[in-house]
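Listed features, source Swiss-Prot:
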- Lys19, Thr178, Asp179, Thr220, Gly221, Gly222, Met223, Ala224, Thr225, Lys226: ATP binding site (BINDING)
- Ser59, Asp146, Asn158: substrate binding site (BINDING)
- 285-363: domain 'PUA' (DOMAIN)
Amino acid sequence: MTTNQQNAVVSQPQTVVVKLGTSVLTGGTLALDRAHMVELARQCAELKKQGHSVVMVSSGAIAAGREHLGYPALPNEMASKQLLAAVGQSRLIQTWESLFGIYGIKIGQMLLTRADLDDRERFLNARDTINALVANDIIPIVNENDAVATSEIKVGDNDNLSALVGILCGADKLLLLTDQKGLFTADPRKDPNAELIKEVKTIDDTLRKIAGGSGTTLGTGGMATKLQAADIARRAGIEVIIAAGSAPNVIFDSLSTEPQGTRFLPCSEALENRKRWILAGPAASGDIIIDDGAVNAVVGKGSSLLAKGVIKVSGDFARGEVARVTNSHGKLVARGISAYSSEDLAKITGKHSKDIISILGHDYGSEVIHRDDLVVIQE
């Protein structure tokens, strides 16, 4: 590390979530690259030495399981992936434990599923655990519990999980390490004229189109899912960096004034804790489709959502559950806790608030989703 690099790094203690994809941990091979993993551990140790806190989200369980079993020929199905994850998770955590042990650092394993984030109480318990580990100078190493979770072994699992972990621990920065140098104007593997995008202030449809599709054979994430994760994290006030895991000092440089890769600036107004949970925690159980007037009121004025602006309801959700709010073209506008079940809401779509009680026979308030329970997604 050069003197200039040291001078460029922020001195104020920060919490950094480091997400390591399978391609980074294997170097594109079929086995864990322990030589590179020890270098990543060294960089995390250097951050801690400087007074910063580190939380790691580590993929690689399936790759570790495949290696330990001698690369068996298994059917490409969920049960095979869960088998490999069950065998490999212990191997992965043992590897990290031995590597961090070189630097005198203790680690703690946390395996999460969507259910741990859907429920508000379990979400808070997970938050307390991860914060307790950090407070006791232990690096939490988080992974999805792929051995039992069926919906998580899909594109975007640990990318999105890392954003949620960032919200759990109140991170200042989220570092998504991959096999690419960052987000480019086109796929650099196909277009020699592709240019690295150094800084992103707003994530729009153009960027989503650039990000494209899926990941590698061993991993499940691609650039599109990293963009999803970046969007979630930055809305919670977390700065996000997508960079190459093979780049020298990439983890330490994440705290510099000019980090490597693509830097996503956080939204200017960070969400309060309850809204962070609405954004990150529960999976939406259905969609509430609203008209243009309601979109303008919710997005432009920060208003609550009224039944008058609802066009249609899809899915099945109970009162108090989270629903997606979309415009008439299906574009996501917001997420929020519905005061009415999907069954009740279907009966009062397009109706004035004063008519709700006469239609339903009961009334949970004039708002379908109160603005305090609503997180705007559209910018």
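Quick reminder: no glycine exception, Cβ is built from N, Cα and C everywhere.
Distance noted between the C-alpha atoms of Asp146 (substrate binding site) and Lys19 (ATP binding site) is 16 Å. Taking the Cβ of Lys19 (ATP binding site) as reference, residues of its chain lying under 8 Å away and at least six apart in sequence are, in sequence order, Met56, Val57, Ser58, Ser59, Asn158, Asp159, Ser162, Leu174, Leu175, Leu176, Leu177, Ala229.
In the three-state DSSP scheme, Asn158 (substrate binding site) is classed as helix. Counting other Cβ atoms within 10 Å of each Cβ, the binding-site residues Ser59, Thr225 show the lowest value at Thr225. According to DSSP, Asp146 (substrate binding site) is assigned to coil rather than to any helix or strand. Of all the binding-site residues listed (Asp146, Asp179), Asp179 has the fewest other CB atoms within 10 A of its CB. DSSP classifies Met223 (ATP binding site) as helix under the three-state reduction.
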